[in-house]
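**Q** Once you've had a glance at the structure underneath, I'll fire off some questions.
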């Protein structure tokens, strides 16, 4: 049992749970949801906003995690407290939300009022915040000196989960988008219930964590590259059933490979532990500097919200996350307006998951590298990615053939990077004790921005441009103005991030870098 009781096994379990979530796949089933329920584009975007609220407003998940995942219970894996409680709450919400949506779409339940559908969407999507909070905050506590990397890994696998689940869907149920809702109801629920007891907090630090964490990142990049190859092949050839089963089996083998890294890491940790002099290899709880003690204790939510830095980070995320999620919510309709085939539109959604993944895992690793080697504060990288995101929106707005693919790459990577940078910056500025609650509160910026930009900008302009009394619009004019507005919003986020950088630069030098240097001595 001891072999299954380590931070490395906890990391693998968290990775697999993240992979099952099927994030950012609204474009797969949005069309059947729209047609089966008789929605126009604005109504569909309203439902999508509740998806964004559910998948980002994780304050309850953070509060629950703080209440049950206490470090002094880490040796009580089967007790009443621990991250597994958060996973259980997420599994219940996930199943109820998506199974009832599926029943509505296939006709088992009469089409409910829009408000009820919004509630179901919110409930199903809200489960993701519980899975992610339990996995990510446990990861930061297990690897406190590689926060950016572990957050990038967890957020990265969440970002790529959409492409993974789509591959399962294409292999066995292609052309049945209602079945995709059933997959979302069953798969994350089953995986989380099976693995939730392995996700625990471990304090010992006896080996080269960075080397093995980079191994997880490498596996993630290999999986992303493999998925991209499969998507390209699907665009060129019509794959037979046996070919799809073969490629999906290879994908499952790749997803199993993190377990090998965990086993090797455990052996290295055990060897390093026995080679250390007595008393070493344990967490050093003696911090003599008052400022370091204050960092470890951290701020609670109300204390954080009383600072200007909290609101600067929140506004930057409204601009970055809000404009990015507005694009993914409307990606299916954007493709249709540009006369993309259903296969091309579906591939756009899958590729978005890959770009989103690369942004998450890349920004996490790069921000750690720049902080450790050059002393660059993480808000600087956040500002750079917001500036690039603004360029990406302009590229799409240009209307040149093929620019939707190019623009979606830039916007997708930069959008994903926000989800790695924001939680890590939160833990460094406000402390780790209430990290789950604070970063989930800042995450509300995403649905706030989604409502403003998805409904009030994209949905409104699309419906206004739709001609002939129909609910569809064709041509570059359908979304050009919307993307120009998004470019301006992302640039505003860049300016706010620069201000946050100036305000926290000295803090990073006095506190964050000092903590890292001390831990590495």
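Please read every residue number as a count from 1 along the shown chain.
Backbone N, Cα and C atoms are what each Cβ position is placed from, and that goes for glycine too.
Here TrEMBL flags 308-521 as domain 'Major facilitator superfamily (MFS) profile'. The feature transmembrane segment is assigned by TrEMBL to 12-33, 53-72, 84-108, 114-137, 213-233, 239-263, 308-328, 348-367, 379-398, 404-425, 437-459, 479-502 (among others).
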**Q** May I ask which of the stretches 12-33, 53-72, 213-233 has the most CB pairs under 8 A with the transmembrane segment (437-459)?
**A** 53-72
**Q** What parts of the chain pack near the transmembrane segment (84-108), using Cβ distances under 8 Å and only residues at least 6 beyond its ends?
**A** 17, 29, 32-33, 36-37, 54, 61, 64-65, 68-69, 77, 117, 120-131, 133-134, 178, 181-182, 184-186, 188-189, 192-193, 195-197, 199
**Q** If you average pLDDT over the domain 'Major facilitator superfamily (MFS) profile' (308-521), what do you get?
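**A** Taking every residue in the domain 'Major facilitator superfamily (MFS) profile' (308-521) and averaging pLDDT yields 86.
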**Q** Relative to the transmembrane segment (308-328), which of 213-233, 239-263, 404-425 accounts for the most Cβ pairs at distances under 8 Å?
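**A** Maximum Cβ contact count belongs to 404-425.
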**Q** Between 12-33, 53-72, 114-137, 404-425, who has the most Cβ pairs under 8 Å to the transmembrane segment (348-367)?
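**A** Stretch with maximum Cβ contacts: 404-425.
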**Q** Against which stretches of its own chain does the transmembrane segment (239-263) lie, if we need a Cβ under 8 Å and a gap of at least six residues from its ends?
**A** 6, 8-9, 11-12, 15-16, 19, 164, 167-168, 170-171, 212, 215-216, 219, 222-223, 226-227, 230, 233
**Q** Are there residues at least six beyond either end of the transmembrane segment (213-233) with Cβ under 8 Å to its Cβ atoms? List them, or say none.
**A** 11, 15, 143, 146, 149-150, 152-153, 156-157, 160, 163-164, 167, 239, 247, 250-251, 254-255, 257-258, 261, 265, 347, 350-351, 354, 357-358, 361, 365
